[in-house]
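Visitor: As listed in TrEMBL for this protein:
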- 246-499: domain 'Peptidase S8/S53' (DOMAIN)
- D253: active site, charge relay system (ACT_SITE)
- H288: active site, charge relay system (ACT_SITE)
- S449: active site, charge relay system (ACT_SITE)
Amino acid sequence: MKIRTFYFYFVFVLILLSCNNEIYIDNLNNENNVATRAIKAQTTENYYYYYKGTKQYISINPSKRYIIAKQNIHTSQCNADNIVREFANGNIGYIVETEATGRFLSSDSTTPLINDSNIIAIESVIGDSILLPCSNIFYIKLKETTDITLLKDKIAEIRCVIEGKVETDNSWIRVSCNKYSRMNSLDASNYLYETGLLADVDPGFDFDFKSSYIPSDAMYSQQWGLNGRWGIHPTGAWDITKGESSITVAVIDQGIYTQHSELNGKMHSYSYDCSTGTSVASSVYQNHATMIAGIIAANHNNNMIAGIAPNIKLMNIKRSSTSNTGATSLELHANAINKAWQNGADIINNSWGSNTNQHSAVLESAINNALIKGRNGKGCIVCFAAGNDRVITYPGNCNPDILVVGASNSSGRETSFSGRGNELDVLAPGEGILSIDATGGTFTDSGTSFATPHVAGIAALMLSVNPNLSQEQVSTIMKETCTPVTYYGSGWNKNSGNGIVNATKAVKVAAKQYSIIGGPYVHATAKFYIDYAPEGAEVTWSTGKNISRMIYHKNDTIEYYFDFDTRMTTDEVKAKITYLGQSVNITLPITIFNEPQITGVQRIDYDPSADNRYDLKVSCSDPNAIITWSGDGNFIDFPYAGDASFMDHPNLYKSVTFFSSGVHALKVKANNTYGSDEYQFQIDNMTSLYTFSRKDTIGTNKINP
């Protein structure tokens, strides 16, 4: 009798559970619920999710829930202001207020919202002032593929559904919850992770990744970001390269207007639209992406603007927050990054982000793959905008190998809106930036969105001259060749990072084109330094026999003290620059002198028949010395009247004419910064013989002219 009664009761409970649609979220906390017993029912004060195996505690908003519905259910709480997402399949996601008890009510305030047939799922909302909804999708990664059967049983137990695998990374499995699941997606992801079967888990937050720009309608007549005092100074880099077609920058954005005249011949053969899973249609484009593309690679054709790397290729990757597959925003953005590096992108420009403190393992896995696996293991250069909310936005702040780019203005400071923080790497022009638009013309706008492509363009130039650089090396060079923001001085700080990027310096270092600055004419002491030496370079100096001692002022600057017996000699300064494990040797020939030394006066006859005129040349150790003439008053001097075509230093030549015959005394003096020398001599105008006598030499010498 007891067995029969128990059997009847068990069947009745099964029928009740399978037929009753009026399931309240509150009831999931029932101690008899198997899933609840397993996870001990989180409270709004003690909610968490797993990130890299560690609990991340979060604050759940007790008065809001995120509704995913098949269509607009026209409740009083569903309007344009609270719709978070309009899905490609026609569904919508919106945030509603709840009663204090947590019950979700429809517009008549009596019928539970969960009973509405249009409702797909009801999920939690994180935060207060900044709201982040939890989607009904979460992601799991198995430790062992053989555990899939056991995992399926666990998923079925909590009434969730395996939807499939992430398109671009099959190690991640997509799982969905619905309003009849025994727990929401956040609880379900935690429950499954705590089974010990998973290598990783992603709760699937519904991130709202926004473009990082500040709207503006002002027009500028020039690109200050390139040629202004506080621009990126690309002209020296262009002397070396304007990019190579073998280098590709992927622009993950809202679609490039590829028909713009400034982008002729620029587009890579591969493109991808995250919302459709196909190539980007030619009709799909927006200003934001087109401006980014123009900054990076607009043609140098004397028409409109000049791009930073006009000879490289652009890959058009259209990002999206929805698709017909049901994938979440984070999954679609992960697909965009994976598609970029998997199809040959060298640099990935990301001018988007979300102001949130939460994480996505799926998205970060894609970024990590690009940084490590891209470019056949050398790693893609991944650039992210710092954001325009004065904090570093996600996911730019998730990985130290990402190049995070803030915005600078034409005064050489960070802009008022630019993201600040420990993750900031560099600044680039981002205020009043002129570029091309989606109508075929030009447009001016502001934001870290437009600072980021300056960095992507410089990286493209660097890889054009040295494609063997690793992702880490490109990032290091970029940061260590910045122009410091004067207000903060040299070194990193959270407001300006390492400073404003310098294209010429970065490309010269990438190409290992160093030079020694100093001389070539030097005195008893002289300073030399390495032009464009990055902060982290090690410089070893050496020179010839004339060095008595040296002083190192800093790593890339040295002061030599020269010691020599003669008044002029030649030598050379040598430097060995070691940077990022590679060394370059360079040499600078120098001429060392103190005060000038006159070694003689030579007669050069312009017109031999003119016996009273003498054309003279002074031999002096310093050919740039100032030469003055004087004598006994029996002659006049005037500028050299002879053939000037062979004169290398006109100041050394003089013509004189004598009033009378006889012996005439002359004196020539040479002056420079370091001193002077005087040379006295006589000319016998009767015999056409010179008589020379130095002021510091005893006796005379007669030399036949």
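Any Cβ shown, glycine's included, is placed from N, Cα and C.
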Visitor: Across the domain 'Peptidase S8/S53' (246-499), what is the average pLDDT of the model, as a whole number?
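Guide: The average pLDDT of the model in the domain 'Peptidase S8/S53' (246-499) works out to 94.
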Visitor: Starting from each candidate's C-beta and looking 10 angstroms out, tell me which of the active-site residues H288, S449 has the most other C-beta atoms.
Guide: S449
Visitor: Work out how many Å separate D253 (active site, charge relay system) and S449 (active site, charge relay system) at their Cα atoms, rounded off.
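Guide: About 10 Å separate the Cα atoms of these two residues.
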Visitor: Rounded to the nearest Å, what's the C-alpha distance separating H288 (active site, charge relay system) and S449 (active site, charge relay system)? Just drop the number here, would you?
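Guide: Spelling it out, the Cα of H288 (active site, charge relay system) and the Cα of S449 (active site, charge relay system) are 8 Å apart.
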Visitor: So for D253 (active site, charge relay system), how many other CB atoms are inside 10 Å of its CB?
Guide: 26
